[in-house]
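A.B. asks: What follows is a structure written as structure tokens; I'll ask about it next.
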Amino acid sequence: MSGSTFGNLFAVTNFGESHGPAIGCVIDGCPPGLALTEADIQTDLDRRRPGTSRHVTQRNEPDAVEILSGVYEGKTTGTPICLLIRNTDQRSKDYGNILETFRPGHADYSYLHKYGRRDPRGGGRASARLTAPMVAAGAVAKKWLAEKYGTSFRGCMAQIGDIAIPFESWEHVPRNPFFAPVADVSHLEDYMDALRKAGDSCGARIRVTASGVPVGLGEPLFDKLDADIAFAMMGINAVKGVEIGAGFASVTQRGTTHGDSLSPEGFLSNNAGGVLGGISTGQDLEVSIAIKPTSSIITPRQSIDTAGNPAEVVTKGRHDPCVGIRATPIAEAMLALVVMEHALRQRAQNADVTVSTPDIMRARG
């Protein structure tokens, strides 16, 4: 009820605060028998963690995950899995000057009016640090889906600020700090260096895709696969928009173009983004998210204090000038959690369903 749990059959309860002793999650519903070690999870956490380049926050957290329960002799037991990530590099004194003021664009004002109190240190529960446990949970989902169906997830940065990034190759993504699918990122580095010197921030657009998704995942009406994907992506800090498939470009398309024609060898296009009627087609799930500029910047801005008086706010501390730089593994994780949830639902309800029509995407593969 408090909004800290994502999913039902694969339920992930997120806990902790940015400057508390630890953050983490409890996964309830992971099938038993999955070989799982901390190393399986750490790979994705390392992709998301702070302090990895000059273009992200310099808060130096190792984000080392600890498996506290739900795994015995290297395999999941089917009972709740508790994953813990200790906070080691908090610097709460940086927030002393904003205890009685509200940062524009941040959750300070809304949290205070909801709860009657707030934790200003790093944003408390509103901090993007709380995405780390979701990345950890997503790594578990990714592993199960890969072994069960051969499903894989990957993402990249498609735009940063006003710079559109053309897609060249997935091979480039892990080779630069931006998750950019291009060989040369010097122009992105120059852009971010200038932005940091100006004391400002920028937004980003992230593309994430899932391949090898079984056909038939998703439910009619209110539990559509694409509806749950949008819900999951909007749960990521700073996300302000979600597109699936052609997204808003569908407005300018015509039916002769937008409808994905079928052939015995597979679909001829993927404007639907891998979902028709809320149910997966077996094509790649194609999702894009829009991320707003970081709210915490050192440029003075107009605000009010807790008494309602005018105030000028300057946010000190260590912050990402573009939170989108580290968002790619987060978006991958949330997509994996949605696919995992619906895979378990499909297995529970329709495991015995057979149809005579061939699965054209599997046949092609």
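Here, residue 1 is simply the first one shown, and the rest follow in order.
Glycine is treated like the rest: Cβ placed from N, Cα and C.
Here's the feature list from Swiss-Prot:
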- Arg48, Arg54: NADP(+) binding site (BINDING)
- Arg125, Ala126, Ser127, Asn237, Ala238, Gly277, Lys292, Pro293, Thr294, Ser295, Ser296, Arg318: FMN binding site (BINDING)
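Tell me about the surroundings of these features in the structure.
C.D. replies: Summarising the environment of Arg54 (NADP(+) binding site), the number of other Cβ atoms within 10 Å of its Cβ, over all protein chains shown, is 12.
Counting Cβ atoms from all protein chains shown, Ser296 (FMN binding site) has 25 others lying within 10 Å of its own Cβ.
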A.B. asks: Output the one of Ser127, Thr294 that, of all these binding-site residues, has the highest number of other Cβ atoms within 10 Å of its Cβ.
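C.D. replies: Checking each of Ser127, Thr294, the winner is Thr294.
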A.B. asks: Fill in the CA-CA distance, Arg54 (NADP(+) binding site) to Ser296 (FMN binding site), as an integer in Å.
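C.D. replies: Per the Cα atoms, Arg54 (NADP(+) binding site) and Ser296 (FMN binding site) stand 17 Å apart.
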A.B. asks: Given the binding-site residues Arg48, Lys292, which one is most crowded in terms of C-beta atoms within 10 angstroms?
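C.D. replies: Compared across Arg48, Lys292, the most Cβ atoms within 10 Å surround Arg48.
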A.B. asks: Whole-number Å only: compute the distance from the Cα of Thr294 (FMN binding site) to the Cα of Arg48 (NADP(+) binding site).
C.D. replies: 16
A.B. asks: Including all protein chains displayed, how many Cβ atoms other than that of Ala238 (FMN binding site) lie within 10 Å of its Cβ?
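C.D. replies: 21, counting other Cβ atoms within 10 Å of Ala238 (FMN binding site).
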